[in-house]
Amino acid sequence: MPSLGRLHLITDTRPGRDPLAVLRAALPVARAELVVQVRVADDATDREAYELARRVVEACRPYGARCLVNDRLHVALAVGAAGGHVGADDLPVAAARRVLGVDAVLGATAREPVTARAAVAAGAGYLGVGPCHATTTKPGLPAPIGPDGVRAVTGAVTVPVIAIGGVTAASVPALRAAGAYGVAVVGALSSAADPARATAELLGALTC
Ligand SMILES: Cc1ncc(COP(=O)(O)OP(=O)(O)O)c(N)n1
Ligand SMILES: Cc1nc(C(=O)O)sc1CCOP(=O)(O)O
Ligand SMILES: [Mg+2]
C-alpha cells in the first residue's frame, strides 16, 4: 500500500466555498502527497456527500492522490475511496475497520495519549490530533493542545499523526518537531487568495 500523504485537505462546504476549485489548484502541486478528506455538513444529504466524494475520487485519480470520507463510511465504499476518518461521535474504530476492511486507510481523532493508544489498538492506521491551535472553522472544540499536546500523542503511538486545527505553513515546523507526520487543513487552503501557492508553502514546510 502506498504511504500516507502528508498534506490532508479537508473539503470546505460552507456557503460560498468551492471545495472542488481548491482541490483543482492543490492537486497539480501536491500530487500523491495530497490526501483529500471529504467532509460535509451534518445536515447535508447522503446524495450530496456521494456526489462530492465521487467527483473528488475522479479528480484525485490522475495524480495518485487519495480520497478519504469523513464519518459516512458507506459513502466511502460507494465511491471507491481509499478509506475514511472517524471521531468520538462516529462509528467506533473497530466497527469502522470492519466496515472498510483490512486494507483501507482508517483515521481516528485522538486528543490525548490514552484515546490515541485505544484507537490504534482498535485498528486506526493514522490519528488526527488537535485542535493544535485556535480555529473558527469548527465550533465546539476543546482548548487548543499546541505542539506539546501533539508531542504527548506522538510519543505514545507509532502510527502517523496528522495535526489539525488552525494549522498554517508557519505553524508546521513546530508541529513537525513535535513528531507530527503531516497536517490537515481547511482554512489554510480554502481561504487562501492563491490556493496553489498556499499548497506549495505547506508542502515546503512539511518536507524540509
Ligand atoms: C485528520 C482529522 N482529524 C480530526 C478530525 C475530526 O474528526 P471528528 O472528531 O469526527 O469531527 P468531524 O470532522 O466529524 O466534525 C478530522 N475530520 N480529520
Ligand atoms: C474538522 C476539524 N476537526 C478538528 C479537531 O480538532 O478535531 S479542527 C477541524 C477544523 C480544521 O479547520 P482549520 O484548518 O480551518 O482550522
Ligand atoms: Mg466525525
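First residue shown is number 1, and so on along the chain.
Including glycine, each Cβ sits where the backbone N, Cα and C put it.
Listed in TrEMBL for this protein:
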type	residues	note
DOMAIN	7-189	domain 'Thiamine phosphate synthase/TenI'
BINDING	N70, T109, K138	4-amino-2-methyl-5-(diphosphooxymethyl)pyrimidine binding site
BINDING	D71, D90	Mg(2+) binding site
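Feature map: TrEMBL annotations on the structure.
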residue: N70; record: 4-amino-2-methyl-5-(diphosphooxymethyl)pyrimidine binding site; DSSP class: strand
residue: D90; record: Mg(2+) binding site; DSSP class: coil
residue: T109; record: 4-amino-2-methyl-5-(diphosphooxymethyl)pyrimidine binding site; DSSP class: strand
residue: K138; record: 4-amino-2-methyl-5-(diphosphooxymethyl)pyrimidine binding site; DSSP class: coil
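T109 (4-amino-2-methyl-5-(diphosphooxymethyl)pyrimidine binding site) sits 10 Å from D90 (Mg(2+) binding site), taking the CA atoms of both as reference points. Surrounding the centroid of the Cβ atoms of N70, T109, K138, where the record places 4-amino-2-methyl-5-(diphosphooxymethyl)pyrimidine, the chain contributes additional residues within 8 Å, namely I10, R39, D71, H85, G87, G128, I164.
For K138 (4-amino-2-methyl-5-(diphosphooxymethyl)pyrimidine binding site), applying a Cβ distance below 8 Å and a minimum sequence separation of six or more within one chain yields P131, G165, V186. For the domain 'Thiamine phosphate synthase/TenI' (7-189), the model's average pLDDT works out to 98.
A C-beta separation below 8 Å, combined with a sequence spacing of at least six in one chain, links N70 (4-amino-2-methyl-5-(diphosphooxymethyl)pyrimidine binding site) to I10, Q37, V38, R39, V40, G84, H85. If you compare every pair of Cα atoms in N70, T109, K138, the residues listed for 4-amino-2-methyl-5-(diphosphooxymethyl)pyrimidine, the longest distance is 14 angstrom. When Cβ neighbours within 10 Å are tallied across all protein chains shown, the highest count among the binding-site residues D90, T109 belongs to T109.
With a cut-off of under 6 Å between the Cβ and any atom of ligand 3, the binding-site residues D71, D90, T109, K138 reduce to D71, D90.
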